[in-house]
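Undergrad: Mind having a look at this structure? Questions to follow.
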Amino acid sequence: MTSGSYSHQSKSAVRDRRMGWAIALHGGAGDIPLSLPAERRAPREAALRHCLELGVAALKANRPPLDVVELVVRELENSPCFNAGKGSVLTTNGTVEMEACIMDGNTKKCGAVSGLSTVVNAISLARLVMERTPHIYLAFDGAEAFAREQGVETAHSSHFITPENVERLKNAKEAKRVQIDYTQPIKGAIPSSIGDSQIGTVGCVAVDGHGILASATSTGGLVNKMVGRIGDTPIIGAGTYANSYCAVSATGKGESIIQATVARDVAALMEYKGLSLKEAAAYVIERTPKGNVGLVAVSANGEVTMPFNTTGMFRACATEDGYSEIGIWPSGINGDLEYPNK
Amino acid sequence: MVGWAIAVHGGAGVDPGLPVERQEEARRVLERCLRVGAAGLRAGLPAVDVVEMVVRELETDPVFNSGRGSALTRKGTVEMEASIMDGHGRRCGAVSGLTTVKNPVSLARLVMDRSPHSYLAFDGAEEFAREQGVEVVDNSYFITEENMSMLKRAKEANSIMYDYRVPAPGVDSASDGLEGAKVENGPLMNGLRISVYAPETVGCVVVDSNGWCAAATSTGGLMNKMSGRIGDSPLIGSGTYACGDCAVSCTGEGEAIIRSTLARDVAALVEYKGLSLQEAVDYAIKERLDEGMAGLIAVSRNGEVAYGFNTIGMFRGCATEDGFMEVSIW
């Protein structure tokens, strides 16, 4: 890291001396019922714990935050439990169209992809767009062509499509409405054999001991979405953002996140209004319609916040001073777990 | 009630050697579009209708390189994108990867008004266009001789450029032969010498008599871009933004505008830092672009108009209810 990166360090880093690395990740926000059965809950908690451990190990090994967020999101993409990569929700045509975005808070370089149907790790392709093209954002056929040029791992659609998602699409069509990834079953709607629709976008934010920040988000999007629909995830400033103040990854109803420029606003409130990370994130969440959004964010001086205005958000975080947390519903609701850092 | 105001742009980054008759032609089109917008405002149309109407005019006229006359991808095809945002409610619509839709900004409007989504792209957007019955033409309609020769020059200039901030050897000769160009070695804009580059984006921002703001931006993108490349114009918060306080439309180096979320930043400086519109615009242009080159137009709920650009020139104009109208390039 060059000393040039410190000169732009946020003033809040000096004000609050709690430096140190921090990491937060999410597996999506939405209407996750408290009655979520154990067999649906346990694998997701295990995946969150596993990804958190990977991210923490990488930070302890001094990997740059950009590498950390990419590797954690790759792991989340590879898990079938979450709506990204394997386990992506389906378009109205029964296909997958995946999108992802990564941003380096130190340089504000970023990369984004949309409309991927064969790329196993969309987040890694987003990183290649950032590092190996003069562009920021590639989509659909052009992105798939770039993937082949770069020789990234690709797979047949059967790799990504899970029976649960085929069922979810069927339910959504029968309910005749577009759902965000989590919705309570509608009264009178045909009950699904799965009994839930609880999956969501994935994301990770990280900061190292020097205050360098990075953010990454990945998703299959919205169940039953129109072919070609792009959500908030690949839109810099909406679902993903990082600068010298903070790194943010958002999840929920894409259309709401786009119009509220959620991720950018958290950073803007810190910089222009002098709010703390927690205050800025809470402000943004409160101003977005209830039931629509959650986010994870870390600041340059190692703070973490994970607010949401949905019923729940699959999330996990850890900081260098030993705190860690894995959760689904608001803290204090039965079942939420807190682990002291080993 | 507030005095209405409208501003338009036809792109930032203008060749100082642009022939006078081309400059006059550009001014005439900008004036005509301002008059169209002003008439709509006097008739009481809401801001969102006016920005759509004016950007349609700019898209249709081949003088500015969006719609007909669009930049060509490296395959020699056209991929257009646009976005529109209504500050009243912060509703928005965007489209990318259009190849046959005559007026991309109108399809963006339909995405906002008639789909459950905010952003549609490529095949899905084209399918939506057909469902909605918007006017479509063959992709060749958008391709002009001029743009084909520009693509050729861009390829010659860019052949080994990955990081276009670093000039490739031999680039200096790219401007030879450009008719009317007097500048041999100008600064770079989107990877091309200013004598080769032509701005590709149009936009309009409006505040109506109710104080509601709206913005719209439309583009063919970047000459010689990779197929599938999306720039700033369809990205809410980057190329386009509108809220209760103001409306902004940007143009220039798309990647720089995205990294700086330029349109949202202007509004955030007003909303969160309490700057005036012009202060916010100046700050954003000066502090947020790093080495990027870009420009923007903005209006506020109070009827103010502001421009900012760090490029050589930006085709622009504005009109306000009190009868003031101006068009400028430099």
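Each residue, glycine too, has its Cβ placed from N, Cα and C.
Caution: TrEMBL annotation is automatic and unverified by curators.
So TrEMBL has the following annotated:
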ACT_SITE  A:Thr201  active site, nucleophile
BINDING   A:Arg229, A:Ile230, A:Gly231, A:Asp232, A:Thr251, A:Gly252, A:Lys253, A:Gly254  substrate binding site
Undergrad: Between the Cα atoms of A:Gly231 (substrate binding site) and the residue listed as 'active site, nucleophile', find the distance and write it as a whole number of Å.
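TA: A:Gly231 (substrate binding site) to the residue listed as 'active site, nucleophile', Cα-Cα distance: 11 Å.
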Undergrad: Between A:Lys253 (substrate binding site) and A:Thr201 (active site, nucleophile), what is the CA-CA distance rounded to a whole number of Å?
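TA: That separation, Cα to Cα, works out to 10 Å.
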Undergrad: For A:Gly254 (substrate binding site), what is the secondary structure by DSSP, using just helix, strand and coil?
TA: helix
Undergrad: Quick check for the class: what is the C-alpha distance, in angstrom and rounded, between A:Asp232 (substrate binding site) and A:Thr201 (active site, nucleophile)?
TA: 10
Undergrad: Filter the binding-site residues A:Arg229, A:Gly252, A:Lys253: retain a residue only if its CB is under 8 A from a CB of chain B. Output in sequence order; output 'none' if empty.
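TA: From A:Arg229, A:Gly252, A:Lys253, flagged as close to B: A:Arg229.
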Undergrad: In the structure shown, with every protein chain counted, which of the binding-site residues A:Arg229, A:Lys253 has the densest set of Cβ atoms within 10 angstroms of its Cβ?
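TA: For the binding-site residues A:Arg229, A:Lys253, the Cβ with the most other Cβ atoms within 10 Å is A:Arg229.
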Undergrad: Please report the distance from the Cα of A:Gly252 (substrate binding site) to the Cα of the residue listed as 'active site, nucleophile', rounded to the nearest angstrom.
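TA: The Cα atom of A:Gly252 (substrate binding site) is 8 Å away from the Cα atom of the residue listed as 'active site, nucleophile'.
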Undergrad: Give the sequence-ordered list of residues that share a chain with A:Ile230 (substrate binding site), lie 6 or more positions from it, and have CB atoms under 8 Å from its CB.
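TA: Counting only residues 6 or more apart in sequence, the Cβ neighbours of A:Ile230 (substrate binding site) under 8 Å are A:Glu99, A:Ser114, A:Gly115, A:Ala139.
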Undergrad: Considering each pair of residues in A:Arg229, A:Ile230, A:Gly231, A:Asp232, A:Thr251, A:Gly252, A:Lys253, A:Gly254, all listed as binding substrate, report the largest CA to CA distance in Å, no decimals.
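TA: That value is 16 Å for the farthest Cα pair.
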Undergrad: Looking only at C-alpha atoms, tell me how far A:Thr251 (substrate binding site) is from the residue listed as 'active site, nucleophile', rounded to the nearest Å.
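TA: Cα-Cα distance, A:Thr251 (substrate binding site) to the residue listed as 'active site, nucleophile': 6 Å.
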Undergrad: Take the C-alpha atoms of A:Gly254 (substrate binding site) and the residue listed as 'active site, nucleophile' and report the distance between them in angstrom, rounded.
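TA: The residue listed as 'active site, nucleophile' has its Cα 10 Å from the Cα of A:Gly254 (substrate binding site).
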Undergrad: Could you tell me the C-alpha distance between A:Thr201 (active site, nucleophile) and A:Arg229 (substrate binding site) in angstrom, no decimals?
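TA: The Cα atom of A:Thr201 (active site, nucleophile) is 15 Å away from the Cα atom of A:Arg229 (substrate binding site).
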Undergrad: What kind of secondary structure is A:Thr201 (active site, nucleophile) part of, going by DSSP in three states?
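TA: Coil, per DSSP.
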Undergrad: Taking 10 A as the limit, how many CB atoms besides its own sit near the CB of A:Gly231 (substrate binding site)?
TA: 29
